[in-house]
Amino acid sequence: MCGIIGIVGKEAVSDRLVDGLKRMEYRGYDSAGVCTVENSQLIRRRAEGKLFNLVNVLKSDDAPGHTGIAHTRWATHGAPTTSNAHPHATGEVALVHNGIIENFKPLRDELIKRGRQFESETDTEVVAHLVSEQVEDGKSPEEAVQAVLPQLRGAFALAIAFRSHPGLLIGARLGSPLVVGYGDGETYLGSDALALAPLTQQISYLEEGDWVVVTEDGATIYDNQNKAVEREVTTSGVSAATIEKGQYRHYMQKEIFEQPTVVAQTLQSYIRPLEQQVALPQMGFDLESIKRITIVACGTSYYAGMVAKYWFETFARVPVDLDVASEFRYREPVLEPGGLALFISQSGETADTLAALRHSKENDQKIAVVVNVPTSSMAREADLLLPTHAGPEIGVASTKAFSCQLAVLAALAAHLAVVKGKMSREEEMDVVRHLTEAPAALNAALAYDEAIADMAHLVAPARDVLYLGRGPDYPLALEGALKLKEISYIHAEGYASGEMKHGPIALIDEAVPVIVLAPSGPLFEKTVSNMQEVRARGGKIVLISDADGLAEAGEGCMATIEMPRVHPLIAPLVYAVPVQLLAYHVAVAKGTDVDQPRNLAKSVTVE
Ligand code: F6R
């Protein structure tokens, strides 16, 4: 995590650096800082906490200069204090870093032995000292960086400024993303195209091991062998307007309400409504021969994978292994050559998922990636790229990316079933019809926003909340609990409803709201029986179901939330809406920071 930006410009940079940080605050918001170069001086301003603290510091103490770097931090090594905030600087250099320098300890010990003094607890500061040593020895900035990069292990995106070289920055990337932006007589570095959106749309993505020398005239990029290389300049589609909040109070709220549109947008790439066919992009391998699928992801994306497991197994009869990415490599999974490994990620940069992808590649798996950032590391390393078209997701809690992931995964599962001869033409037409109905059903679900806002006060005082679901709605129960935990700080757990009686039912009393997800359909009766077991023990139930379900089982519940009646295939997409809205309104009622909940960051680029 952490967001970095650098500008070598013709005009003052500090305001524009801060503006870039605003666009990246979703990457981390524990502290922030800028450093400019002016009159052979490094001018550094830093502040603990949210970005507005840095803005206040700059109001009273500006950082003049036409060259500068800036950083917004999600703490890994060292508490979120001002002294641990980036940029880290010596007398000669200042730098910002996203990632982790894994071998910082031996490097730091060596540096201390050589008499260097540290002022922070971070891993990053060692890089500042290593580069500084070289510069103090009379090396040029380029020579200094070339000498230091091979000493670093771990993951990094770096932007480095030099006291005696105004008008020059050096960037480097290994394992963490870094882009170069080209402006009119100005050149930029940034963690992503979003950070640079108001400055330029002309972007080059650095490859692994690349480093780059940036001046106002442009950039010279070198590969890990220090050979000058060309990297394509692409026009980024991200405009500053797509990342405004518009009429909404929070990004999360806006993103929840965008779901009908972005799911429709995503489906356009995966179904042909006129032909009533599922349509996947060309793939460089034979999908029919796939005998086993390994799905790997984290957090909300993992829950999308959990729903997809039901679909792959039911439709295509292909066995699926499912892992959270942080566990995957360490359990030494058995990966038969030629298997399909499927990675799901909003950002495409989550370090655990990326490491699992690389591990699978080394083990002869075909790599399919469902990802929302088509220029991300995962997208670049995929054999089969399946983009979601959710648009930038800024709220830290993932919402619209999840429903778009489900749309892609449903289409992929149906396509696999078709090529394997497990799905008839009629069944395929049915799947397409139901998926086509999803955007309208999402709209209908959103119509209950006010009703959900009105009952949120029933959940807001709780200390613990349970979510129950069965079949493909069980992952939705987990997702509901995750959403509530992360933005309202209420402890919540999701359970398979049939599992309650094996232990968790002991938690039930009148202080624990139990949210039951039970669309009518084949599993309804069983879920309702589990719900009755809870009610018999004094549990306070919030039942989320359609009109039929509520008519049958809604009586005696503390509250009910009505959903449109939908086919079970699209129920997980539609039932995502009430769990998102409930978490959202509870968080608003509690007054938490919805878009930037404590301790979190959007894109987790450390393992
Ligand atoms: C929860 C949430 C996280 C992410 C997880 C994976 O609301 O946003 O659990 O889903 O960090 O991130 P991606 O999908 O970017 O790999």
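The backbone N, Cα and C atoms fix where each Cβ goes, and this holds for glycine too.
For CYS2, the entry in TrEMBL reads active site, nucleophile. Within 10 Å of the C-beta of CYS2 (active site, nucleophile) there are 29 other C-beta atoms, taking all protein chains into account. CYS2 (active site, nucleophile) falls outside any helix or strand according to DSSP and counts as coil.
The feature active site, for Fru-6P isomerization activity is assigned by TrEMBL to LYS602.
Confidence annotation: the domain 'Glutamine amidotransferase type-2' (2-217) carries a mean pLDDT of 94 in the model. If you look up TrEMBL, you'll see 2-217 marked as domain 'Glutamine amidotransferase type-2'.
Residues annotated as domain 'SIS' in TrEMBL: 283-422 (among others).
Per DSSP, the secondary structure of the domain 'SIS' (455-597) breaks down as 72 helix, 29 strand, 42 coil. TrEMBL lists 455-597 (among others) with the feature domain 'SIS'.
The domain 'SIS' (283-422): residue composition by secondary structure is 64 helix, 26 strand, 50 coil, according to DSSP.
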